[in-house]
């Protein structure tokens, strides 16, 4: 069975085509700058080379039509006819409290995703554009929605409620939802497969750390807490997002700067985090280079960044009554060995010992990086959200 996975953003589409019989990735690529000058599709060809094709792409439907034409192209394609695609799996960012698992898309599901759109105004409408485009181009093709938030719907109320008037929750759904759920689910399961231990019996902390980042506590196979909240702003220090901050500080800044809600949103989403604190970049590689050169703000920023991750790991170990496995994933978690070392150092009190030699220089591969006598297994697992979406799509179709 061939399953196309789509991740539609406001001006982009990422895609992967899987042959689920073999688990092979048949094709992958993405479109950038939809509706803007200089739009292009980039793909990896059969020889592993990167190819860029420029073309005017006014909307998502034209973008997906372009993707289908490339998939069937004599030079770059891997299928003869797009009708060989059996189903489509879509990343949908926010399912609110409506969706605790992936679902086959119908009109009722679309309506509920629209209702959740005020919780993810930049993402859900774009995700639905992909759904509508596929229905227009291949009418009747089965489509499945896989939600970033669904995995975290097992959190207890004491973990997801904020200390605000209860009416804010009842009227507007103001609570912690969490994100990166598909990634946290994939890497936690994959870690247990690698280690040969039963998923349902473990206390796992997953650290998805990249330009965006979140930590999740998984007890007996269920998410019991996560660092992101109503929005992806809460929690860790991120590339341009502030992470945890005193809400009173925000009202103070608004008053001092004469700032409205839109200005505040821009501040905490786009002008804060690693970039705002360092004044250098949102890229941790550039921060590490500046640290090596002795830049004091870079040093402070890196310390804040690592400290925040360490603090959440400790908090979630306390919340679960211990930790059996710590999983690193995401762009930084998979590749920045110095961050992994800095966070895991001095955690021996909770049975966590990192193998400095194994960790150093290790990038982008599955590997245990804890010492043999570490009570907590520390493991790096590169995430594969697209495969998880394809697997969910296959499972739902098998149940039809």
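Cβ from N, Cα, C; glycine included.
Positions annotated as active site, proton donor/acceptor by Swiss-Prot: 148. Listed in sequence order, 91, 92, 93, 94, 95, 179, 180, 181, 182 are the same-chain residues at least 6 apart in sequence whose CB falls under 8 Å from the CB of residue 148 (active site, proton donor/acceptor).
Look at Swiss-Prot and you will find 7, 385 tagged as Mg(2+) binding site, backed by sequence analysis. Mapped onto three states, the DSSP output places residue 7 (Mg(2+) binding site) in strand. A simple way to gauge crowding: the CB of residue 7 (Mg(2+) binding site) has 23 other CB atoms within 10 angstroms, across all the protein chains here.
Swiss-Prot lists 14, 208, 209, 210, 211, 212, 283, 284, 285, 331, 332, 333, 334, 335 with the feature ATP binding site. Cβ contacts within 10 Å of residue 332 (ATP binding site), excluding its own Cβ and spanning all protein chains shown: 24.
The substrate binding site feature in Swiss-Prot is assigned to 91. Taking the Cβ of residue 91 (substrate binding site) as centre and 10 Å as the limit, one finds 22 other Cβ atoms among all the protein chains shown.
Annotation comment: Swiss-Prot describes 180 (among others) as site 'Transition state stabilizer', evidence class sequence analysis. Other Cβ atoms within 10 Å of the Cβ of residue 180 (site 'Transition state stabilizer'), summed over all protein chains shown, number 29.
Annotated site 'Transition state stabilizer' per Swiss-Prot: 241 (among others), in sequence order, evidence recorded as sequence analysis. The secondary structure of residue 241 (site 'Transition state stabilizer'), as reduced to three states from DSSP, is coil rather than helix or strand.
Across the fold, the C-alpha of residue 209 (ATP binding site) and the C-alpha of residue 7 (Mg(2+) binding site) stand 19 Å from each other. Taking every pair among 14, 208, 209, 210, 211, 212, 283, 284, 285, 331, 332, 333, 334, 335, the residues listed as contacting ATP, the largest Cα to Cα separation comes to 24 Å. It is 21 Å from the Cα atom of residue 334 (ATP binding site) to that of residue 7 (Mg(2+) binding site). Minimal Cβ crowding within 10 Å, among the recorded positions 14, 241, 285, is found at 285. When the recorded positions 14, 211, 241, 285 are compared by Cα distance to residue 385 (Mg(2+) binding site), the shortest distance belongs to 14. Of all the binding-site residues listed (283, 334, 385), 283 has the fewest other CB atoms within 10 A of its CB.
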